[in-house]
Structure formats: structure tokens, C-alpha cells
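Engineer: Handing you this structure, nothing more for now.
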Amino acid sequence: KVTIKSIERELICPACKELFTHPLILPCQHNVCHKCVKEILFAFEDSFADGGSESSNQSSPRIKISSSSMDRIDRISRSGTKRNSLTPRSSLFPCPGCQRDIDLGERGINGLFRNFALETIVERYRQAARAAIAVMCDFCKPPPQESTKSCIDCSASYCNECFKIHHPWGTVKAQHEYIGPTTNFRPKILMCPEHEMERVTMYCELCRRPVCHLCKLGGCHANHRVTTMSTAYKTLKENLSNDIEYLISKESQVKAHITQLDLLLKETECNSERAKEAAYHSFEKLFHVLEEKKSAALRAIEASKNLRLEKLQTQAEEYQGLLENNGLVGYAQEVLKEADPSCFVQTAKQLHVRIQKATESLKNFKPAAETTFENFVVDVAKQEEILDDLSFYSNGLGIPEINEEKSRIYNKALISWECPGKTDSADIYVLEYRKLNREEESLTWQEIKVYSKSKVISDLDDDSSYAFRVRGCKGSICSPWSQEVILRTPPAPVFSFLFDDECGYNSEHLLLNPRRTSVESRAGFPLLLASERMQAGCYTTLDYIIGDTGIAKGKHFWAFRVEAYSYLVKVGVVSSNKIQKLFHNTHDVTSPRYEQDSGHDSGSEDAFFDSSQPFTLVTLGMKKFFIPTTPTDPEDSASRILPLPSCLGICLDCDKGKVEFYDAGCMKCLYECEVDCSGIMYPAFALMGGAAVHLEEAVTAKYGEYHNDI
């Protein structure tokens, strides 16, 4: 027979760590007190409003949410999982039992069942725990009498006299069902929380919960497999009984496992003490090495100090002797009093040499020793970095690798990584990055803790290189750092725009996607008809398209991708006062070599044709990047044809009147030239034949977030 006292562990709420009070069954099949569910949801909602989880638990002294649950609440709130008011509300609940985020659906708490069976067991436990504490009558005049029975229909307890008064013979109340004294009342019939007027008659095998016939007909369980309640009751009870009988039959095996676990507990204690002792000795060795280095450094500084003090003291005494009536000068003054020439000459010659040396030393004064100890500065930067990486090493954690194909820097930095060849066993990742600066090579690493395998980093400086590295951690064990990856930020703030589908847009030749971020030239039937008018020396019309937003001042950068199959694409900028000339340019129809007004066939006008255009463009096509020629540069076709980068960028500096063309993958400048920025400047593109251009999408940024100077 089961002793109620022995199952206390199963009757404790994982949130408040107290006996269950009106427990609710979550979709994950764990039980939580009704009050605890509400408090956790309130804390969850407050985490969105307050921007964190630090203050969300202060107003609920009863609830004891674990730090891991609060970390998940804070993580979900930062990730923006909360839905807006226009979408069906779906309550996310961090289950304290399984540590997972459970979706409670649109009805939230109202869609959960009370676990009446668990309530009954808890009530029996409470009665066994308080033993002599009686349930008092709810209707007696003070002082109340001890109750003898409780009415299930009235949900109240009565003494014998009060029960007779409130349940007289011959009335409907006389038919009420009563039980022994209790404070736990449960309904006779379990009603559906989705349809409050319907009783549950079926059991959903997929959701593992009772449902009514309306849930099956048109509710969320319409396509789920259900069985009758009697069948589910019989099946589940039989399975549970069989499993219990199996466990009871394996009692000797369970006891053997318990004995083994007791031994493992003791072994764990012993091994942990050994690990502590080993770690202690390891750090003691480091302390001993540091103490020796410290003593040696201090001794060297002290020896150098004494030597310098001795030299400076000697020099000071020598200069003290140069004073009148003192030292060398005083001795020389006494020698000058000698009247005998032979005696004077005998002494004065050597004395004169000393006086000359003193005079020369006075003219070129230099301290005998340096006062600074710059050569004795201990450089511990590398050692600090090594000590910072000091941690327990484990073969179970793989070394992450930053995926350079998925990682990119545009308006923000997106860093992605993975653990190849090994299962992901890390609980958290630590991402570090630092700016690479030639002047300040010792810039410290900035650390970010990440729960996923990617991270978006904002507020990076323009035109700068950054190094990134990552490692995985599980508890106090960390993997080694990944190999550093260096990425460079754009030379200017990112400028966001879309293709303009109105100004000069030729819908017969160009095709825009619905988001207006990609444009494709259609070399179809219209181009075939235009070929009838083509003669020798003529080429077809370029189809132009510009950005829908212009730039008035400042320095800005944007990037795009040109499909490898593109035959001819021109990219650059155009001024607002020359847009009309751009879309009505007669030079796009016939080459000037064969114009009637040209008068010659030298082809010299073709060489610098771009200089007469109302815009600044470079030519791309056939997987090549063509650097334009200028009158000062020789026309060397081999040196001005480069491979087409996978992603190109344009940097426009309106203040300096300069435009630069970049390989956006490595942020290397391929070509730059001057441009007239007297008007509002627009990004410009021209396509001919089969070609396509795709604007680079911002990293987690919304279109329309522009700078104030645009």
C-alpha cells in the first residue's frame, strides 16, 4: 500500500516549490499551479514592457522562477517573438518543468484543464499531514462545529445539524451527493474549456487531452485522431497498470541501481575533490612562476636604481666641488697663492687639466644616468589574453567555425557559425570581436553571449576592419576559440532605396519583382522587332532605371549583385537635372561613328564617349568589370578589364564630388572618378539583352530608415 508521505516529491509545483494548488495540465503534460501560471505569464508580459526580466519577478514574492526560465523569458523578449494586436494572440509560456517554451494557444490559461486527480491526491496528503486538524462547518454560527460531510453539488462542508437544515427531505437538495469532510471540491462532470457548455466525451491522441464533440467537428482537433473517453480510459489505465506492475516486479533491479547510484555519488565527491586539488596545484604553479618573475623584476629594478643613484650622487659631488672655496675650485685657489714658479708649475699642470675637464663638463651638462625606467615596463598583454582563455578543456565540445559565406557586413554585421562533424552540445556561445587599428593594436575584445548560431552586431565604425571569433560553452567547460575571421565595413553609411517603377521605367523591356529590389531585362519579341532597323554600326537601346530616393549631401554607400549571365549592364549615378536627358539620349540609338554630322570614321569619339554623358556609369557584362578610359590614361584593354565581383558597391561623396566603385565582398576600391553633384543624385542602372540586377538586402533592417542628411 502506497504511503502518502512517500510521494511528496510528485506533489510539489516546479514553480513555487510548494504543494499544488488547483494544478493545470500544460500541453507538455507537466502540472503547474493556476496561480503560478498567471504569475509567470505576467512576468513574461512585463519582460516585454520593461525590456528585461530583472524587475519582472519582484512583484511576485510567492513564485520562484529559476534563473534558466528567466533567461529564456529575457531571450524571447529580445528576439521579438511577441505578436502585435492585429494577429491572433498566442501565449508563450516557459514551462518550469521541462524548460521549454510552450504555446498555450489563443485562449491561454482558459484553454487548460485542471488536474482533478492530482488535486485529490494532494488533498489526501494534506489531510494525512495535518491529521488532527478538522474541517469546520461553513454554516454554523460562531463558534463553528466540526463538519461531518461535504456536499459535492454545493461545494460546502456541513455538520449534521446544518446538513439537515440545508438538505431537507423531499426536496431536490436531498438528492445531492455528499462525501467525507474535505476542502477540495471537484465537478461531477468535466466540461470542455473551449466550449464551456459541452462535456468532454472523447480523447485526442495527438494532443493527449480530453475534447468534446464540437472540438472534433469544427475545432482545432478536426483532423486529429480521437477515441471515446471509455476506450481511452480503459487503454490508459491498462497501460499504466502494466507499467506499474513491471516496475514493482523489477524492485530488486531498482534497488541495485540505487546502490550503484549511491556509489556514484561518493565517487563523484571523491573525484571532484581530486579535480579541485589538481586545479589548486596548477594555479599554485602559476602563482609560483609569477612570484619568481615578480621577484626577479623587482630585483632588477632595485639594482638599476642603486647604480643610477650612485652615478648621480658622484656627479653631484663633482659639481659641488666646482663651487667657490669648495672642492676642486677651492684647492685651485690655494694653488694660485703659491709664489715659487717651480712648485706652482709642478702642481698646476695636472690641476689645469682637471679644471679644463670640469669646464667642458659644465658647458655640455648631461646627467650621468637616466631617471626613467621605460625599459623595465613588463608587457603582459599576451599573457593576459592567454589567462583569459584559461578554462577546462573537454573533447565533448567541438570548435565552432565561422561560416564566411553566410557571414556578411552591410548596414550591420551578421556573423554565422557552425560545428562541423560534431553534434551541437554547447549551451551557449561566446562571440568576441574587436576593431583592427594600426595605431592601437592592443584594442580589447568585446564579448557577446549568444544562444543561437548567428548574431547581428550593430554600431560598427565605417571603413574599418573587424576580427571575429567564437567558442562554445557548456557550464564551466569551454571549447577553444575558432579561427579569427576578418571582415571590413562599408566606407560610408548604407543608403537604402528601391527601383523606381515610374520615372522612365520601361515595363515592356524591364521586369521588376513585387518588392522592387530586383530588375531584369527581357530580350523578347520587342527586341526582335527592333532588330529590323539595325544596320552596320548600330546597337539597340539601353533600358534605364533609377532609384526611388535621391541624395542631396553627405557620403553614402549601396551594394548590388549582377547575374553572371548578364550581357551588358551599366551602373552609377545620375543628377536630377539630367534625368530627362538620360531617358531621351539620342546617342543610345546610333553610334556617333556613323552619324551624318560626324564627318569622319576615325572612331575617336567612341574612345571617350562616357565623358559626354549626363551621368557617371561603368560597364559590366560577360562576367567582366570594365574600367572606363580617360583622355590622360592609355587605352590598354588588358589592364582595365577585371573579373566581375559577386557583389559590387558604389560610394558617393556629394561633398567632395567623387564616386567610387567597390568590390563589396572585400570592400576594395576598383575605380573612382569625379562627378558633378550640383543636383540631387540618384542611383542609376542600364540593362541590355539578357541581364539582371539585385539590390543587396539590409541586415535585419527595414526599408525607410534613412539618415537625416538625405
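Each residue, glycine too, has its Cβ placed from N, Cα and C.
No curator has checked TrEMBL annotations; they are predicted automatically.
Predicted, not measured: the structure shown is a model, and the values here were computed from it.
These came from TrEMBL, pasted as-is:
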type	residues	note
COMPBIAS	55-70	compositional bias 'Low complexity'
DOMAIN	187-229	domain 'B box-type'
DOMAIN	336-393	domain 'COS'
DOMAIN	396-492	domain 'Fibronectin type-III'
DOMAIN	477-708	domain 'B30.2/SPRY'
REGION	51-72	region 'Disordered'
Engineer: DSSP helix, strand and coil counts for the domain 'Fibronectin type-III' (396-492)?
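Structural biologist: Helix (H, G, I), strand (E, B), coil: 0 helix, 44 strand, 53 coil.
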Engineer: Do you know the mean pLDDT across the domain 'Fibronectin type-III' (396-492)?
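Structural biologist: Here the predicted model's pLDDT, averaged over the domain 'Fibronectin type-III' (396-492), is 84.
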Engineer: Using DSSP, how many residues of the domain 'COS' (336-393) fall into helix, strand and coil, respectively?
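Structural biologist: Split into helix, strand and coil, the domain 'COS' (336-393) gives 35 helix, 1 strand, 22 coil.
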